[in-house]
């Protein structure tokens, strides 16, 4: 059993990033192997880690166990029996009056995530920072923060007791102003979250709601997203200084969420004690409503105004919600004034989001706004190859090119198609070939081919530029007609399976060289002209529905 685990750990260490290996694999330990039942039990130090490893790595570990013992092995994950002894404080829940109000936007965390009192959170964070900075002053910092924690807990106990039942599901792990400032002052560049104990690292992920798998290392970069990635890295290296706020926009499944999680994960690794929060805009709206109903706005504001990095996803969901927008405006102003970083995503350019207050739009425009475009062919192929590699599947490049050529809209669609191919191949016991891929994706390819036609592209483009559809076929050459016609040709080449001669025929019998010239011209200008790039983005999203 131990020989297997050494073999398994060595393989996983080579396959995963150092951060992933140290965080998820290193804390595991094999505890039993039942040869009669072919069952292997692996212990995890806590429930959070157990659930994550089970969902992400159980299949790979089972495959390695099968190869090692030359038979199917049932891999079971259990809690380390010693875990309870390492955390005695968690055994006795605090009385209701001493529990903190709960965090807005708790997204599936364990039930015990908010079990520590508010001030203890500040003490832990500052103590982590003090230890990472060196032993000098660590004891004093801890003593001072413990005193502050006790005072804060006593001061707020009566007020919170009355509201404890009503605000329990807000889960606000807040600090008072002094604690937040103390935690912020104790940061040192280069302090790594990974150097803390495993329990502390888990707690950071639970509080921040970050997905530790979404990092810069596994983000596939191409022309469509290279500017966004460069801006994200710059912000991760200089939070609150470079590009504040950073506003990323683009269609569904293009990597916006991946990038902002990558920023959060990088900062969490670089600065111990960083107060980071990822939240979807819908959850933020829900928490504003709960805070209003439970009269818990003081806790709500204290929590959000003391963050060091706020990552808010899909802010278009704020549309028409004036109270939410007002609260977010105040939080935004407080964070920027404190040199905290704000990062926002949307499916639309800021000025085109309907129902958003002009004050917020102007704040969004005050930083850096970057579009993420649908991935180009080479990038789509790279995404498929990377995803197949992560699933430990050998994917022929011809198959990847076939899928990438036919599915153009976003990364999620590509990954979903690959999962479908893998399942089809496994179920039928057939090697993954182009023929198998066509069978697996038959319905999806039919829908794709039916969705966008050259005729629809011509009509949509003509409407967008206020010309007649007939102008698409005519021989007229004024700039206000020729330009939209070239754009429509470019979109026809990008969004359909038509050949250049076929496209030329549908544009009034034009030669294929005319179409090729238009495609190359628009593609070149798109990379240099932000306005044209934005117009094409709008047209593509309209055509894809």
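Cβ coordinates come from backbone N, Cα and C, glycine included.
Per Swiss-Prot, the feature ATP binding site maps to 253, 255, 256, 257. Under the heading compositional bias 'Low complexity', Swiss-Prot lists 90-105. Annotation source Swiss-Prot lists compositional bias 'Polar residues' at 189-201. The region 'Domain I, interacts with DnaA modulators' annotation in Swiss-Prot covers 1-72. The region 'Domain II' annotation in Swiss-Prot covers 72-208 and is backed by sequence analysis. Taken from Swiss-Prot, the feature region 'Disordered' covers 90-112, 181-204. Taken from Swiss-Prot, the feature region 'Domain III, AAA+ region' covers 209-425. Per Swiss-Prot, region 'Domain IV, binds dsDNA' is recorded for 426-545.
Set side by side, the binding-site residues 253, 255 differ in how many other CB atoms lie within 10 angstroms of their CB, and the most is found at 255. Residues of the region 'Domain I, interacts with DnaA modulators' (1-72) grouped by DSSP class, helix first, strand second and coil last, total 45 helix, 12 strand, 15 coil.
With helix defined as DSSP H, G or I and strand as E or B, the region 'Domain IV, binds dsDNA' (426-545) counts 89 helix, 0 strand, 31 coil. Fewest other C-beta atoms within 10 Å: among the binding-site residues 256, 257, that description fits 257. Under DSSP, residue 256 (ATP binding site) is assigned to a helix (H, G or I) in the three-state scheme. The ATP site, placed at the center of the C-beta atoms of 253, 255, 256, 257, has further neighbours from the same chain whose C-beta lies within 8 angstroms: 250, 252, 254, 258, 259, 345, 372, 410, 411, 412. Summed and averaged per residue, pLDDT over the region 'Domain IV, binds dsDNA' (426-545) gives 87.
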